[in-house]
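Remarks on the structure that follows.
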Amino acid sequence: MFRCGGLAAGALKQKLVPLVRTVCVRSPRQRNRLPGNLFQRWHVPLELQMTRQMASSGASGGKIDNSVLVLIVGLSTVGAGAYAYKTMKEDEKRYNERISGLGLTPEQKQKKAALSASEGEEVPQDKAPSHVPFLLIGGGTAAFAAARSIRARDPGARVLIVSEDPELPYMRPPLSKELWFSDDPNVTKTLRFKQWNGKERSIYFQPPSFYVSAQDLPHIENGGVAVLTGKKVVQLDVRDNMVKLNDGSQITYEKCLIATGGTPRSLSAIDRAGAEVKSRTTLFRKIGDFRSLEKISREVKSITIIGGGFLGSELACALGRKARALGTEVIQLFPEKGNMGKILPEYLSNWTMEKVRREGVKVMPNAIVQSVGVSSGKLLIKLKDGRKVETDHIVAAVGLEPNVELAKTGGLEIDSDFGGFRVNAELQARSNIWVAGDAACFYDIKLGRRRVEHHDHAVVSGRLAGENMTGAAKPYWHQSMFWSDLGPDVGYEAIGLVDSSLPTVGVFAKATAQDNPKSATEQSGTGIRSESETESEASEITIPPSTPAVPQAPVQGEDYGKGVIFYLRDKVVVGIVLWNIFNRMPIARKIIKDGEQHEDLNEVAKLFNIHED
C-alpha cells in the first residue's frame, strides 16, 4: 500500500519536473509571447514527456500513469476554461467602461468614480504604456498644440500626454475673463462660457471622446492621443530615453516634449505667515482655483488682489463687476504707479487704473506688502509705507515660476537671466528633447533670447515643437501675440518686446461702437483671438515712406479710445500694442519682422486704419 503510493508520487514528480523546466527556462519576454491558450501551454510538454515515460514503464505502472495523465489533462482543461472565461469577462468589463465613459465631462467622470468608490467598487485606473513614440510632459496648451501638430504631419502617430493636472487639456484665458461674466449659475460645473460675441463654447480643447486610452495606445492601428491625468514625471533619463512617474512606472520614448508650464509665485510675506493665512490665499492658475475663488467670492465680504499685471487686473475687473450685486469689497494693490505699469506707458497705465476703478475696485498703487497676519478674524496686510488693509481673502497674482525640476535629472540647462529650459531656435534642448510654452527660454532670431508666458506663445511654440519632433527642423520666427481684456469694453493685443522701460510713441483716435473686444469676437468668431489669426505675414503690405516729424505726446487725461503704441530700441520698432484695435496683428508682425527705422511713426500707424469710423 505504502509502496504503491510512493511509486505514484515518484512517477508524478518525474512527469512534472520536465514541465516546470519547460516553462521556467523561458525569459519573461518569451513567456509573454506564449499563446494565450492555457491547454496548449501545459498539455503539449506533458504529453511528450508522458509518452516517453510510458514507453519505458512496465504493465504494472500503466494503470497509475493513465490515471495521472487523465488527472493532469482534466485539471489543465478546467484551468484553461477558467482562464479563458476570466479573460473574456475582463475584456467585456473594459469595453463597457470605455463605452460608458464616452461623452462624459471630467466632472461627471469624477462623480462616477466617487460613487463607485462609495459603493466599495474598485475604480479602474488608466495604466501607462511601457513605450510610446511621442511623449509630451505637461497637459496644457503647448502640449495639446504639439499633439495636434504631430498628428497633422504623421496621422498614425501615437502620442501620450502625461499631465499633473486632473483635467484634460483646456485653455486658461477664460479662467480670468469670460467665465466670470457668465450668467449660468452652474458655470463652475459646465465650464462653458459665452464669448463676447454671444457664442458659447467649452473651456476644453476637445471632449473626452477625442482621446484614446493610454494602455490601449500602443495597440491602436491608426494611433491617437492619450492623456494620463494626475500623473507627474519625476525623473528624466535622456541617455536611455526614459522617464519615471510619481507612481513608480517607467516609460521609454523616441521623441519627448517638455511643456511643464509654471507655478504661480507667492509673496515672501505670505510664505512667512501662518497656516491660516496660506489657507485663505489663492494662487490663481487652474480650473480648481477658478472654482474655489468663485465660491469664495459669494461667501466673503472682501477680497484683496495683490498684483497689477494682466492676471491681477483682469481678475480685479471681473470680481469688481460681480461684487456690485453681492456688495463685496474688491481691493487691488501693487507696487507700480498704475495698472499694467510694467507693460504700458505711464499715461496709458494711469488711464487703465481709472478704468478699473470705474468697475468698482479700490485700487491702491505704490503698495509694497511688508507682512500678512490675522487680526480679529480678518487678514491684516501691512504695507511698507505704514498703510494697513483688512480683508477676508487674498488672491496673489504676482507672476509665474517656470517648472524646471526635470533639469537636474535630465542634465538640461537653465537660463540664468530669464529662467526656464534653455533651448535653441528650433526649441531643442538635447537630442530627442524639445521644450515649449512657459518653461522654454528660446532664441528669437529677430529679438534675441526670450521667455514668454502667454496663450498664443504656447500655441505657436507647441505647434513648432511638434513639427520639429517629426523632422521639420524649423526655427522660431513667427512672432506670437498676447491680449488682455478688461471686460467686454476695453482690450488690447500686443506683440514683440512690450516693456514700459523702452521709449514709446502712441498714436490715438476716437473709438467707435465697434472698437471693443465684444465687436472683435463678433467679427472673428472666437474669443481666443490667437486662433483666428491666419498664417499670412501681410507680405503685400507696403510701409509708406517716412517724412521727418516729431511725435506728439498724448495729452494727460485724454480718453484713449483706440490707438497704436510703438516700442522702440535703437529707433527700431521691437514691440507694438494695439489698443482697442483688433484683427490687425499680421500688420504689426510684419513691421517687427522688417526691423527698419522709421522717422515718422504717424505714417506707419495709418496702416492700422485707426482713423476709420
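Each residue, glycine too, has its Cβ placed from N, Cα and C.
Same-site candidate for NAD(+) 1 binding, as annotated by Swiss-Prot with G308, G309, F310, L311, E336, K342, G399, E453, H454, chosen from W477, W483, W579: W483. Among S56, S268, S375, S539, the residue that Swiss-Prot annotates as phosphoserine is S268. Considering S519, S530, S536, the record held by Swiss-Prot lists S530, annotated as phosphoserine. Same-chain residues at least 6 positions away in sequence with a Cβ under 8 Å from that of H454 (FAD binding site) are, in sequence order, S480, M481, F482.
Comparing Cβ neighbour counts within 10 Å across the binding-site residues F310, W483, the minimum falls on F310. Taking the Cα atom of each, K255 (ubiquitin cross-link) and W483 (FAD binding site) are about 32 angstrom apart. When the neighbouring Cβ atoms lying within 10 Å are counted for each of the recorded positions (K177, K388, K593), the highest count belongs to K177. Across the motif 'Nuclear localization signal' (446-451), DSSP helix (H, G, I), strand (E, B) and coil residues number 0 helix, 3 strand, 3 coil. Averaged across the motif 'Nuclear localization signal' (446-451), pLDDT for the predicted model comes to 90. If you check the recorded positions G138, D165, R285, S292, E336, W483 against S371 (phosphoserine), none has a Cα inside 10 Å of its Cα. Between G140 (FAD binding site) and E336 (NAD(+) 1 binding site), the C-alpha separation comes to 30 Å. Straight-line distance linking the Cα atoms of A142 (FAD binding site) and G399 (NAD(+) 1 binding site), rounded to a whole number, equals 19 Å.
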